[in-house]
Amino acid sequence: MKRGKPADEAAADGDNDTGSASSKKTKKAKEPEAPVMYDDPPDKMTSKDGREANMKITSWNVDGLRAWVKKKGLDWVREEAPDVVCLQETKCAEKSLPADITSMTEYPHKYWASSDEKEGYSGVAMLCKTEPLKVTYGIGKEEHDKEGRVITAEFPNFFLVTTYVPNSGRGLVRLDYRKTWDVDFRAYLSELDMQKPLVLCGDLNVAHQEIDLKNPKGNKKNAGFTPEEREGFTQLLESGFTDSFRELYPEQANAYTFWTYMMNSRGKNVGWRLDYFVLSSSLLPGLVDNKIRNKALGSDHCPITLHIAV
């Protein structure tokens with residue numbers, strides 16, 4: 001298989017064909033397969049235990065906040081109208097934020113975290129209609145917190161954590177760091193969960209199972225689908241948390257949230273599910289729906305939305 005290629009490029013390549021060039025010439029050219037798309041079904045509005053959803057949260061890796069604003073991302077947010085908007089990979093220092101977003105009256109309570117050392121790298125944001133009880137930044141460990149990857153907001157009945165998990169990188173150069181992050185972040189979430197239940201959302205930079213990406217076979221040594229990253233996510237779930245999309249749609253294939261810009265991957269739906277809402281188990285009775293808004297453009301990720309009764 002191709003080594004050292006980032007996961008998104010390998011995803012676009014598809015599974016690797018080891019046939020020789022000469023054998024390919026003699027084979028009849030295959031008709032290109034029609035892409036299998038995912039249609040986000042109508043929103044459910046009632047939980048299993050019969051409660052109406054009363055909280056709507058949207059998460060979106062915007063791949064650069066300033067460019068995303070120019071691509072009319074805020075128009076989509078206004079139409080979706082969630083109670084809280086969580087953004088990842090903002091790549092924007094607070095001093096450089098576009099006025100279009102800082103002046104949004106719909107979300108009077110806005111919180112930003114950006115990289116201390118690298119301008120235009122990483123970064124997360126949280127925009128809230130109602131003021132949280134408390135907001136904190138990072139997870140209390142300097143080696144992680146300097147990159148601006150976590151905001152935690154405390155609400156009366158739950159914590160909301162948004163994160164941009166470190167990518168293991170081309171050639172897996174940051175895989176060891178990622179494994180350290182996974183352990184430390186899981187400990188942070190478990191500690192929060194002892195105080196009150198939590199909703200975790202964001203770009204977790206892992207496709208957990210083979211159903212969560214188009215080309216699992218060709219990506220087992222690529223960032224986002226290594227055994228180590230997948231095991232890290234398994235261990236998080238085993239610590240008392242649930243992947244809400246899989247809880248609701250356990251067999252749903254072709255449901256992705258990220259597509260590389262190359263090779264018309266989005267048009268062909270050659271993608272990965274990297275963006276999640278992960279819930280404390282005690283919140284599951286109030287889980288209503290987890291939407292993948294794959295028609296929304298403006299980034300190489302699409303937004304996801306959680307409906308929950310809390």
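Backbone N, Cα and C atoms are what each Cβ position is placed from, and that goes for glycine too.
As annotated by TrEMBL, region 'Disordered' applies to 1-49.
Residues or ranges marked as domain 'Endonuclease/exonuclease/phosphatase' in TrEMBL: 59-301. The average pLDDT the prediction assigns to the domain 'Endonuclease/exonuclease/phosphatase' (59-301) is 97.
As annotated by TrEMBL, Mg(2+) binding site applies to Asn61, Glu89, Asp203, Asn205, Asp300, His301.
Per TrEMBL, the feature active site maps to Tyr164. All protein chains included, Tyr164 (active site) registers 24 other Cβ atoms within 10 Å of its own Cβ.
Note on Asp203 (Mg(2+) binding site): other Cβ atoms within 10 Å of its Cβ, all shown chains, come to 28. Annotation comment: TrEMBL describes Asp203 as active site, proton donor/acceptor.
For Asn205 (Mg(2+) binding site), the same-chain residues lying six or more positions away in sequence with a CB closer than 8 A to its CB are Tyr164, Val165, Pro166, Asn167, Ser168, Arg178, Ala223, Gly224, Glu229, Leu274. What TrEMBL records for Asn205 is site 'Transition state stabilizer'.
The Cβ neighbour count for Asp275 (site 'Important for catalytic activity'), using a 10 Å radius and every protein chain shown, is 23. What TrEMBL lists as site 'Important for catalytic activity' is Asp275.
Sequence annotations record features per position, and here TrEMBL assigns active site, proton acceptor to His301. In this view, His301 (Mg(2+) binding site) is surrounded by 24 other Cβ atoms within 10 Å of its Cβ, with every protein chain counted.
Positions annotated as site 'Interaction with DNA substrate' by TrEMBL: His301.
Least packed by the Cβ count within 10 Å, out of the binding-site residues Glu89, Asp300, is Asp300.
The Cα atom of Asp275 (site 'Important for catalytic activity') lies nearest to that of Asp203, taking the binding-site residues Asn61, Glu89, Asp203, His301 as the candidates. Excluding Asn61, Glu89, Asp203, Asn205, Asp300, His301, which define the Mg(2+) site, the same chain contributes Asp63, Gln88, Tyr164, Thr257, Phe258, Leu274, Asp275, Ser299 within 8 Å (Cβ to the Cβ centroid), listed in sequence order.
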